[in-house]
Every structure is written in C-alpha cells, then in structure tokens.
Amino acid sequence: MQNFIQNLPKVELHLHIEGTLEPELMFQLAKRNQVNIPFQTPEEVRAAYQFTNLQSFLDIYYQGADVLIHEQDFFDLTWAYLLRCQADHVIHTEIFFDPQTHTARGIAFETVINGISAALDKARQELGISSQLIMCFLRHLSEDDAIETFKQALPYQDKIIGVGLDSSEQGHPPEKFARVFKMARDAGFIPVAHAGEEGPASNIDDALNLLGVQRVDHGVRCVEDPQLVQQLAETRMPLTVCPLSNIKLRVFDNMQQHNIVELLRQGLCVTINSDDPAYFGGYMTDNFMAVADAHKMTHAELAQFTLNAIEASFISSTEKARMASEVKAYLNHTDTE
Ligand code: HPA
Ligand code: ZN
C-alpha cells in the first residue's frame with residue numbers, strides 16, 4: 001500500500017503556501033533577515049505545534065510568517081514545497097496565499113506574488129509540475145480590507161485564478177464577504193471558500209449561495225445536514241478535505257472517526273489535501289497514508305481521490321483528460337502486476 005500511494009499521481013487543491021514553512025527554513029530566514037523568533041532550535045518550534053483548535057494554530061502560523069520579507073524568501077518557500085510535490089508525485093497543485101498576512105507588515109503585494117510565481121514557473125519548466133494560484137482573504141479582518149486587497153491584485157490577475165476565504169471561521173460567516181466575492185466573480189476570479197471546518201453546515205450552504213463558490217474547502221461538517229450531503233453528491237460539488245489537519249486541529253478525535261471515506265462512498269467529489277503540511281505533520285503522501293491506515297480501502301478508491309481532484313481542478317478539459325488517463329494507466333498497471 002505504501003508503494004502504491006507513494007507513486008500514485010496526485011493533485012493538491014488545498015495548500016496554504018505559508019503553511020509549508022518548515023522550522024529549518026524559518027530559522028534560516030530569521031537569520032538572513034535578522035528577525036527575532038521566540039525559539040532556540042527547529043526542534044523547539046516543532047514542540048510548540050500542539051494545537052487545541054483552529055485559532056491556537058492560526059496564532060502561531062501568522063507569527064511564523066514574519067520571517068518572510070524579500071522576494072527571494074517567497075521563492076525559497078515555494079520552491080521547497082514544489083520539491084516535496086516532486087517527491088510525492090504531485091502533478092498539479094492549486095496554491096493559496098494570504099496577501100494580507102504580508103501587506104499588513106509592510107511587505108508589498110508585488111514582492112509576495114513575484115517570489116511565489118517565479119518558483120511556480122521554474123517548477124513548470126524543470127519539474128513538469130503545473131500550478132495555479134488562489135488569493136485568500138482573511139475572514140477575521142474587515143470586508144473593506146478584503147476589497148483593498150482585491151484591488152491590489154487586479155494588476156496581477158494573469159497570475160491568480162481565484163479568490164478564497166480562510167482564517168477564523170467562528171464568528172466570521174460567509175455573508176460578511178458577499179460584496180467582495182461579487183466583485184471578484186465579476187472580474188473573472190473563480191471563488192472558493194473554507195466552510196464547515198469548525199463552523200456549522202449552514203456556512204457551506206451560505207458559501208454556495210452567497211459567495212457562489214465552485215469548491216468548498218474542508219466542508220466535512222456537511223454531515224450535520226443530510227439534505228446538504230445529498231445535494232453535494234448530486235451536484236458533484238468538490239470538497240477539499242485535509243485529513244491530518246482535521247486531526248491536529250481536533251475537528252475529529254482520530255483518523256478512524258474521520259468521515260472522508262464515508263463521503264467518498266456516498267459519491268461526493270472529496271479530495272485529499274495537506275493544508276499546512278509543515279504544521280500538521282505531513283505532505284500529500286502522508287495524508288493518503290494516514291487515511292489508508294485507518295480505513296480499509298481499495299487501490300481504485302485511493303486513485304478516485306486523485307480523479308476527483310482532477311475533476312475539481314481549475315485546468316482545461318484537455319489537461320484534465322490527460323491527467324485522468326495517467327492515473328487510470330497507473331491503476332491498471334499496478335493492479336495487473
Ligand atoms: N482553516 C482556516 N484558515 C487557515 C487554514 C485552515 O485550515 N490553514 C491556513 N489558514
Ligand atoms: Zn486551509
């Protein structure tokens with residue numbers, strides 16, 4: 001199973017680039033940029049990653065991002081993630097970034113996007129990994145702040161395919177961002193949003209109806225509303241599920257309790273993703289392995305996670321067909337060995 005999962009072609013749709021900052025790189029950048037961090041060693045940083053809920057993670061995650069200052073830092077961060085993609089056979093990735101985490105510290109939007117984009121271009125050429133970028137608004141900040149960020153993004157629209165919504169879900173429901181999402185949709189950005197991670201199933205409904213999202217990030221609390229589950233199955237509305245993240249942030253007590261396999265078998269377009277792998281203990285292969293270790297699954301079911309992600313991705317139908325045949329060929333080949 002380990003071998004099948006390791007070599008299975010994968011597509012990642014829920015990955016925060018700031019969440020790929022490994023402690024070693026954090027230390028390197030802190031030294032390079034003369035930023036003080038409240039830790040002595042990378043091991044000490046890892047030991048601090050004991051979360052009790054989403055907010056306890058977000059507090060430490062935003063602090064970690066302070067070491068990112070120059071374009072080169074954003075390049076190094078993104079490149080390190082893309083090398084992990086290569087090792088995990090990730091053939092396509094759609095990456096979130098949080099501009100407000102950086103612009104609030106006086107870092108220019110341009111610095112962030114140019115550093116990330118340069119690494120994506122290099123990976124396209126040298127590693128054969130395709131990618132898209134999705135800009136997230138921080139839901140704990142005001143909608144006016146999100147609108148300001150949206151305006152800053154307009155000159156870089158060729159580099160950004162969509163807009164998303166992340167950070168603290170409790171107390172910041174989708175309706176708070178209805179105006180900025182309409183502006184973004186009208187300008188041609190594809191909308192997605194985190195919903196139903198810690199917040200109730202009604203946030204998923206609202207993300208669909210008030211924000212017009214084309215994918216739901218997390219969405220695992222949909223099970224609290226059976227009618228919604230049926231609707232998600234019938235419409236093949238994708239959920240970008242993050243198994244290790246959900247355990248680390250205590251959305252589920254353990255992986256046996258996680259509902260991703262049940263949702264897959266009910267015909268929902270669920271996908272496996274790593275969210276913030278440097279903080280949650282694993283990249284794509286680790287997430288697949290954790291699910292397969294806790295649930296008895298066939299090779300075809302595991303491959304279906306990738307087929308779902310291809311279906312849910314924001315690439316051309318030609319590219320989708322090419323990637324799907326790569327997965328099917330892999331499945332046929334390994335199952336006849
Ligand atoms: N939820 C909300 N905000 C986030 C997450 C998440 O899982 N990861 C990074 N920002
Ligand atoms: Zn997330």
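Each Cβ is built from the backbone N, Cα and C atoms, and glycine gets one as well.
Summarising the annotation, TrEMBL assigns active site, proton donor to Glu197. The Zn(2+) binding site feature in TrEMBL is assigned to His14, His16, His194, Asp275. As annotated by TrEMBL, substrate binding site applies to Asp276. The domain 'Adenosine deaminase' feature in TrEMBL is assigned to 9-329. For His218, the entry in TrEMBL reads site 'Important for catalytic activity'.
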Cα-proximity to the residue listed as 'substrate binding site', 10 Å cut-off, over recorded positions His194, Glu197, His218: none
Local confidence of the prediction over the domain 'Adenosine deaminase' (9-329), expressed as mean pLDDT: 98
Position of peak Cβ density within 10 Å, selected from the recorded positions Glu197, Asp275: Asp275
Count of other CB atoms lying within 10 Å of the CB belonging to Asp276 (substrate binding site): 26
Cβ contacts of His16 (Zn(2+) binding site) (under 8 Å, same chain, 6 or more positions away): Ile95, Phe96, Phe97, Asp98, Cys136, Asp166, Asp275, Asp276
His194 (Zn(2+) binding site) to His218 (site 'Important for catalytic activity') - Cα separation in whole Å: 6
Glu197 (active site, proton donor) to His218 (site 'Important for catalytic activity') - Cα separation in whole Å: 5
Other same-chain residues whose Cβ falls within 8 Å of the Cβ centroid of His14, His16, His194, Asp275, the recorded Zn(2+) site, in sequence order: Leu15, Gly19, Phe96, Asp166, Asp217, His218, Thr240, Cys242, Ser245, Asn273, Asp276
Distance [Cα-Cα, Å, rounded] between His14 (Zn(2+) binding site) and His218 (site 'Important for catalytic activity'): 9
Neighbourhood of His218 (site 'Important for catalytic activity'), C-beta criterion under 8 angstroms, separation at least six: His14, His194, Ala195, Gly196, Glu197, Leu239, Thr240, Val241, Cys242, Asn246, Val251
Entries of Glu197, His218, Asp276 (recorded positions) sitting next to ligand 2, with Cβ under 6 Å as the cut-off: none
